[in-house]
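Notes to accompany the following structure.
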Amino acid sequence: MCNCTCNYFCNMCQQNWWHHTKLSHLLLFHLQYTDKEEVVLWMNTVGPYHNRQETYKYFSLPFCVGTKKTISHYHETLGEALQGVELEFSGLDIKFKEEVMQTTYCEIELDKAKREAFVYAIKNHYWYQMYIDDLPIWGIVGEADENGEDYYLWTYKKLEIGYNGNRIVDVNLTSEGKVKLVPNTRIAMSYSVKWKRSDVKFEDRFDKYLDPSFFQHRIHWFSIFNSFMMVIFLVGLVSMILMRTLRKDYARYSKEEEMDDMDRDLGDEYGWKQVHGDVFRPSSHPLIFSSLIGSGCQIFSVSLIVIIVAMIEDLYTERGSMLSTAIFVYAATSPVNGYFGGSLYAKQGGRRWIKQMFIGAFLIPAMVCGTAFFINFIAIYYHASRAIPFGTMVAVCCICFFVILPLNLVGTILGRNLSGQPNFPCRVNAVPRPIPEKKWFMEPAVIVCLGGILPFGSIFIEMYFIFTSFWAYKIYYVYGFMMLVLVILCIVTVCVTIVCTYFLLNAEDYRWQWTSFLSAASTAVYVYMYSFYYYFFKTKMYGLFQTSFYFGYMAVFSTALGIMCGAVGYMGTSAFVRKIYTNVKID
């Protein structure tokens, strides 16, 4: 006997059901049932336990269907189609509060091909997922004996459904009836339903799927405390060093102002003041640079808003709400992208603003969609449920062209007109100043490589919890922790980039725009390197589909994180640079 939900799969197979959307119009508002009203059991997907995203239609295995008339299900939202939900009616006759004794609902004619399909599934530890009233249920297909010579199929689904008033609040599945797989035999599939009164409140019915002992472990609290202490240390260090150093710089520059021209020429002039005529020179490749800054500001806005909404609304209790909210918020915040990208491009003297707007609008969608469509070809080859339908691809393209692009245009126009004037505190020289030689560790390439270490150190513990919730079987619900980590990441990133930029300018190298962006964005490189460690040492994934899915979407996640960190680092550094050059006298 295998109690798949209570004792086994609740701890091991906690599929992140919140990534899926509403089932159908029957289950849209969490039904309140009347006695003997029909309760629908939906069969979702089946797949290997170790490959979290490799899922197939439940009836891709040669299971038989119950005798009850089929109920059609359609993809009601974009999120459902994107996440590969393949809900099919089980054919089982279940009515509210009406118990069903063990009943055979169909028989499998087990020929050689069907036996081989079941054997392959059992060898690869296939498990399946079902839904009753939006509540997920998990079961395993079968098991092998100790020698791995004989294979057995679980044939009896024993359902125990808890109700509170006229609502379903709990569902448990126990798999029994172990039958040996022998070719050319008939296997009877059966089920039973037992109803029990429960004291669980309807709003608390998802609590059993959470794992507080994992997410609220002492290590999690310690990592937050450790990161917080790092922030205090960094802010204090930056404040002390820069304030003392800048005060000395201002005093030295004021003393130089009192010298006559002869003494000034003979003096030892050095430091960041010497590049005042070049520090606000437009960056190289301003079109790409401004598009990256605009996209990073938008990603930061989306992250902040989605986390706040998740904290307030408990999005993890609704399938699809996290994905749907992220898509909606990303489209709605497109003016943020246009405003910051367009205004920065205008300040740097860019004239091809329409091209910049298009690149800024489609930079992130093209990256995400390009990766998704590439993985989609592999999913189609595998006949996996993750294959995205053509209609969904068209819908995504329509969102990009008819929602994101117009809103980005509005933001670009506002940005160019409201804050597109280059009101720099220093004039830009007509001829660029030669960059003197400096020590190897002051080179921009070295600063970029080292700049991401501290920001990564402040978030890598949280990365483990986020990876585990997405790639394994945990439901992430501690969005308060995520908000703290986001704030800590931004503060650490700004502090590090300010220090890096100060040292760079002090070496009379005015190429600070790209350096500040890339030194912050290099956090993504360390995150992606950590994903390799997680894949090989924390998971048991295998196969082309799961591997490409993992590293493809980890590349998208890391790149988006890098663009966000780069934009945050640049914005903080830009304010710092403007401030120090405003407070110094320039001839």
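Backbone N, Cα and C define each Cβ position, glycine as well.
Features of the protein shown, as given by TrEMBL:
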TRANSMEM  219-242  transmembrane segment
TRANSMEM  287-312  transmembrane segment
TRANSMEM  324-346  transmembrane segment
TRANSMEM  358-382  transmembrane segment
TRANSMEM  388-410  transmembrane segment
TRANSMEM  445-467  transmembrane segment
TRANSMEM  479-505  transmembrane segment
TRANSMEM  517-537  transmembrane segment
TRANSMEM  549-571  transmembrane segment
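Within its own chain, the transmembrane segment (517-537) is flanked in space by residues 289, 292-293, 444, 447-453, 455-456, 459-460, 463-464, 467, 471, 489, 493, 496-497, 500, 550-551, 554-555, 557-559, 561-563, 565-570, which lie at least six positions past its ends and keep a Cβ under 8 Å from the stretch. Highest Cβ contact count with the transmembrane segment (388-410) among the listed stretches 219-242, 324-346, 445-467, 549-571 falls to 324-346 (criterion: pairs under 8 Å).
The stretch from 287-312, 445-467, 549-571 that makes the most Cβ contacts under 8 Å with the transmembrane segment (324-346) is 287-312.
Stretch with the largest number of CB pairs closer than 8 A to the transmembrane segment (287-312), among 219-242, 445-467, 479-505: 479-505.
For the transmembrane segment (219-242), the partner stretch with the most Cβ pairs below 8 Å, chosen from 445-467, 479-505, 549-571, is 479-505. Proximity of distant same-chain residues to the transmembrane segment (445-467), defined by a Cβ-Cβ separation under 8 Å and at least 6 residues beyond the stretch ends, is recorded for 214-215, 219-220, 223, 226-227, 230-231, 234, 474, 476, 478, 481-482, 485, 488-489, 492-493, 496-497, 500, 503-504, 515, 518-527, 530-531, 534, 538, 565, 569.
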